[in-house]
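Student: My questions all concern the structure below.
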Amino acid sequence: MPSLIDSHCHLDDVAFDGDRDRVLARARDAGIEAIVIPATHRRHWPRLLALCAKGDRHFTDDREAAPGIRFAPAGLPEANHQRDIQLSSPPPPSLPRLFPALGLHPIYSGEHRDDDLQALADYLDAASPVAIGEIGLDYFVADADRARQQHLLEAQLALAEQHRLPVILHCRKAHDALLMTLKRFNLVGGIAHAFNGSFQQAGRFIELGFHLGYGGMLTYERSRRIRDNARRLPLDAIVLETDAPDMVVSAHHGGRNEPGYLPMCLDALAGLRGVDRAAIAAATTANAKRALALPAEN
């Protein structure tokens, strides 16, 4: 069975609170060796870090306080007044490794406070995320505060530059604006997740050192541009992702997405490119490890 990395999955989402153990077991059975979990809000960072550090899959309700592992690393503001989570027994070593990325998602720019940026800087010093993300620009929503999104993006890119961390990018209807911003920073690269720009824009992201994330949309024939780009772009620039619980594959349309569906994305990409699925799996797994400098398994 090919080994795969889900380079973008919101496994900390409440959609998984009822069966996170089983979701991870199914991911293991599907050949998923690692899952990267990008954050969206500051309030999610402690819980996300606890999930990745301890491998726990069950969280108590936020209104409860149970003895267990605290959400935030010692020394951070949240460590003194956060709620605890109840940890289940340690996971078997064969379950997928979980890697955190920390950031402020542009969709929620109206909810982010300026002091969240200082908190992010503190977290980067105290924790060990593999990337800053999910960050970027989203012009899809008509009344989006573009100036606010730009401010948050630039501040987070400055932190990525300072800490020499890759970034995980979110972008809708803003690829040219995002590219112009990226060029102003000395970045180590990262991933343009759920890439849906043009072939020419894809080339510009690649020139800046970014890999391009593809997932469930590969399985929909109506996603013509996405499928055509995935077929034509250099294989060494492509990583696979689910974006679970969203962006579900066509076979489960209307349902919840999960990491165990990643092989369906692999099969779609292999079919589009006319390449053996094992070769695609090996390449995209190596690409994800390179894009995010993922540490080798102990």
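Cβ from N, Cα, C; glycine included.
I grabbed these lines from TrEMBL:
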- HIS8, HIS10, GLU134, ASP243: divalent metal cation 1 binding site (BINDING)
- HIS170, HIS193: divalent metal cation 2 binding site (BINDING)
Student: Within the chain of HIS10 (divalent metal cation 1 binding site), which residues six or more apart in sequence place their C-beta under 8 angstroms from its C-beta?
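Tutor: Listed in sequence order, they are ILE37, PRO38, THR40, ASP243, ALA244, PRO245, ASP246.
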Student: Provide the number of Cβ atoms within 10 Å of the Cβ of HIS193 (divalent metal cation 2 binding site), excluding the reference atom itself.
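Tutor: Step by step: centre on the Cβ of HIS193 (divalent metal cation 2 binding site), count other Cβ atoms within 10 Å, giving 26.
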Student: What does the structure give for the C-alpha distance between HIS170 (divalent metal cation 2 binding site) and HIS8 (divalent metal cation 1 binding site)? Integer Å is fine.
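Tutor: With distance taken Cα to Cα, HIS8 (divalent metal cation 1 binding site) is 11 Å from HIS170 (divalent metal cation 2 binding site).
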Student: Compute the centroid of the Cβ atoms of HIS8, HIS10, GLU134, ASP243, then list the same-chain residues not in that set whose Cβ lies within 8 Å of it, in sequence order, for the divalent metal cation 1 site.
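Tutor: Close Cβ neighbours, site residues excluded: CYS9, ILE37, PRO38, ILE168, HIS170, HIS193, ALA194, GLU241, THR242, ALA244, ASP246.
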Student: Could you tell me the C-alpha distance between HIS193 (divalent metal cation 2 binding site) and HIS8 (divalent metal cation 1 binding site) in angstrom, no decimals?
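Tutor: Taking the Cα atoms only, HIS193 (divalent metal cation 2 binding site) lies 7 Å from HIS8 (divalent metal cation 1 binding site).
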Student: Rank the binding-site residues GLU134, ASP243 by the number of other Cβ atoms within 10 Å of each Cβ, and give the residue at the low end.
Tutor: ASP243
Student: Would you count the other C-beta atoms found within 10 angstroms of the C-beta of HIS170 (divalent metal cation 2 binding site) for me?
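Tutor: Cβ-Cβ neighbours of HIS170 (divalent metal cation 2 binding site) within 10 Å number 24.
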